[in-house]
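Right, one structure below, let's go through it.
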Amino acid sequence: MNSQDLKKRQEKIRNFSIIAHIDHGKSTLADRILEKTETVSSREMQAQLLDSMDLERERGITIKLNAIELNYTARDGETYIFHLIDTPGHVDFTYEVSRSLAACEGAILVVDAAQGIEAQTLANVYLALDNDLEILPVINKIDLPAADPERVCHEVEDVIGLDASEAVLASAKAGIGIEEILEQIVEKVPAPTGDVDAPLQALIFDSVYDAYRGVILQVRIVNGIVKPGDKIQMMSNGKTFDVTEVGIFTPKAVGRDFLATGDVGYVAASIKTVADTRVGDTVTLANNPAKEALHGYKQMNPMVFAGIYPIESNKYNDLREALEKLQLNDASLQFEPETSQALGFGFRCGFLGLLHMDVIQERLEREFNIDLIMTAPSVVYHVHTTDEDMIEVSNPSEFPDPTRVAFIEEPYVKAQIMVPQEFVGAVMELSQRKRGDFVTMDYIDDNRVNVIYQIPLAEIVFDFFDKLKSSTRGYASFDYDMSEYRRSQLVKMDILLNGDKVDALSFIVHKEFAYERGKIIVEKLKKIIPRQQFEVPIQAAIGQKIVARSDIKALRKNVLAKCYGGDVSRKRKLLEKQKAGKKRMKAIGSVEVPQEAFLSVLSMDDDAKK
């Protein structure tokens, strides 16, 4: 095709994504669009078609983004090329959303006609506005008995400030309004800008590892054209590769002769190592490079850290390989090797949130068959020492000695909670119990309230979300952004078994709750750790000070069983001998700590504040 034809083709391209809160019907809408445009035959059709991971289908959530090309013949008789980029809706996967939005010109905002706007909807809309996208509101599930499309349209106008007069009323499940949505995409979403004759600039928004072809890049072509045989160059590190294949997804990969400006597809170039490609990097041609890289998206910083250790120590290298493969298309997962006296060799991993941590753990166990021990999650603290240094600490066992600490700052988040009016009291009580500071409260409509609190991230990573759902019968929706670091009265609590510190059980706690939590955890460990041949003291300590203690009584063999009557001094001699043996055993004996003990540090929060 010459450049005139390519420019004409470019005018027919529409790149869009679907943004919505969990369960508002995003994946179902994507399924209907695929059916309507006959991208997928009815024989291949299955629910949640784009959620290809087992985990996504089971949990009913979208974790990874997906990009698909569809052809749609509009009412004006022209055939348009649509690129649908499916995005996740959960707060932990916001970076996936921002990546997919960077590859689009428009976004379909799906709002449930019964539930209305939720916290996560708002967060994603702001991301779309940051990327200057054309937003098309769709009120979904209008066939539900509880649907109230008028109220929801008012919410869209009042809360988000979008004009909802032309919002499409649809039901993805029943297939109502799908054609209207497709027509609006044609009319309202702008065609991609960019110059086919300019040097190649392609944004990498995802990558997948293929055992035979190496790393396969998913790209959005912003300027220029790429075809097999070209020599491409990564702009961040200057490495070059020969393109072996380019193509699109329909959802299956289909090879093409070229990818031109505005296209969204894949590039295979025998890239062997994961480290050579970074999501957000710009690809250009080695012989005619672009002058500057594209404005990528900001690197997401992990908010939650935890240690991951293989239960069988010989699986350490397998775990490293598995993490590297996951990191390939999950740019926000970070890890570095660490050792623990209690757990051996493992990795300290950084995650965006608890769901992200959960998903990574499940993927490691399922896809790579590795049995893991996870330590309690912690956040990044700023520890200011007496010699005026500031250390960032994400692992409690790396905390400096208390005598060297001047003060500690912890991260606070701005939590936005949307909840029906009757549960406002429960939400405020929970937030205050989690050391939250009230900021403001707005009424969205007669019944729903938007409550904003500043809460320490450390309190949120434990079980804030579960507690919030249970105290509001599942009606609350929740979203948070990093806010600032603040001074807090924090201390490090160590757990000692038989006088030895167990590094993997250490945790950071607010001074106010230290005694309570120490007491709860030693009692929990007493129940979990099996009895030994000798007595085992369990102690909770802050620095040198023991704040709680509990003893596991020794198992005792009855050495007097074979003495029928007889001299008391004979019995005493046997008992003394047993006592000396126990003493020697206690001095050299080590205590096996079961997996549940590490998890009990996580769940102690339940009891600490009842």
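Each Cβ is built from the backbone N, Cα and C atoms, and glycine gets one as well.
Residues or ranges marked as domain 'tr-type G' by Swiss-Prot: 11-193. Looking at the domain 'tr-type G' (11-193) alone, the prediction's average pLDDT is 72.
According to Swiss-Prot, the feature GTP binding site maps to Asp23, His24, Gly25, Lys26, Ser27, Thr28, Asn140, Lys141, Ile142, Asp143. In the three-state DSSP scheme, Ile142 (GTP binding site) falls into the coil class.
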Margin query: Fewest other C-beta atoms within 10 angstroms of its own C-beta: which of the binding-site residues Ser27, Asn140 fits that?
Written below: Ser27
Margin query: I'd like the number of other C-beta atoms within 10 A of the C-beta of Ile142 (GTP binding site), please.
Written below: 19
